[in-house]
Amino acid sequence: MKFFVVIVFCAIFLSVSADSDNMQDTCPTAPGKQSIFFINGYPCKNPTDINAQDFKSTKLTVAGDTDNYLQSSVTLLTALEFPGLNTLGLSVSRTDLERDGSVPFHSHPRSSEILLVVKGVVFAGFVDTNNKIFQTVLRKGDVFVFPKGLLHFCLSGGFERATAFSFYNSQNPGVVNIGGVFGIDQEHIKNMTRSLATGSGSRVTNGDEL
């Protein structure tokens with residue numbers, strides 16, 4: 001009976017915990033390997049084949065393609081694209097926004113997000129479970145946190161292209177777009193997101209709060 005209770009407790013704990021802790025120093029994703037097992041992560045490279053390049057990526061050095069309706073691009077690196085992240089519970093992304101670019105409402109069910117602006121001006125905000133909106137203006141060097149699972153957005157707020165990097169405490173944060181869930185077209189989602197910003201259509205010249 002005690003053994004059964006322990007098994008049930010472990011199952012419950014694992015089901016509500018964040019990404020599992022790694023059981024070895026490193027476990028870079030094995031390229032092109034297909035596992036015959038369904039595991040929570042990716043198969044590891046042979047330890048004898050691991051090298052420093054497994055822990056380096058240049059995929060975020062180039063701006064993403066913003067030639068689209070939203071005038072934005074989000075390039076996400078998970079353990080699948082960046083082998084060294086495997087089992088570490090981390091991922092990273094780059095967001096590029098044109099003058100009127102936006103990343104409309106979405107959420108990450110498995111991760112919180114830290115947004116760091118490195119160029120331009122960004123409106124950023126999220127909505128909590130009491131339907132309260134937290135939004136602010138971010139400039140170069142500013143950091144903003146999107147709590148795990150909450151709807152959030154970011155918009156370009158300046159006269160130039162904006163760039164930001166995000167860091168997640170999951171190697172696969174997941175993305176849920178409300179447009180996809182409810183079948184709402186992108187134009188409506190974009191307009192709804194922009195309507196949250198006071199003085200929609202204007203540019204930020206001073207002040208930090210919207």
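Backbone N, Cα and C define each Cβ position, glycine as well.
Any TrEMBL annotation is an automated prediction that lacks curation.
Taken verbatim from TrEMBL:
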{"type": "BINDING", "residues": "H106, H108, E113, H152", "note": "Mn(2+) binding site"}
{"type": "BINDING", "residues": "H108, E113", "note": "oxalate binding site"}
{"type": "DISULFID", "residues": "C27-C44", "note": "disulfide bond"}
{"type": "DOMAIN", "residues": "58-190", "note": "domain 'Cupin type-1'"}
{"type": "SIGNAL", "residues": "1-18", "note": "signal peptide"}
Using Cα positions only, nearest of the binding-site residues to C44 (disulfide bond) (H106, E113, H152): E113
Take the C-alpha atoms of C27 (disulfide bond) and H152 (Mn(2+) binding site) and report the distance between them in angstrom, rounded. 32
With every protein chain in view, how many other Cβ atoms are within 10 Å of the Cβ of C44 (disulfide bond)? 19
Cβ distance under 8 Å to H106 (Mn(2+) binding site), same chain, sequence separation 6 or more: which residues? L151, H152, F153, V175, V176, N177, I178
At a 10 Å cut-off from the C-beta of H108 (Mn(2+) binding site), count the other C-beta atoms across all protein chains. 24
Counts of helix, strand and coil residues, the domain 'Cupin type-1' (58-190), according to DSSP: 13 helix, 57 strand, 63 coil
How many neighbouring Cβ atoms, not counting its own, are there within 10 Å of the Cβ of E113 (Mn(2+) binding site)? 22
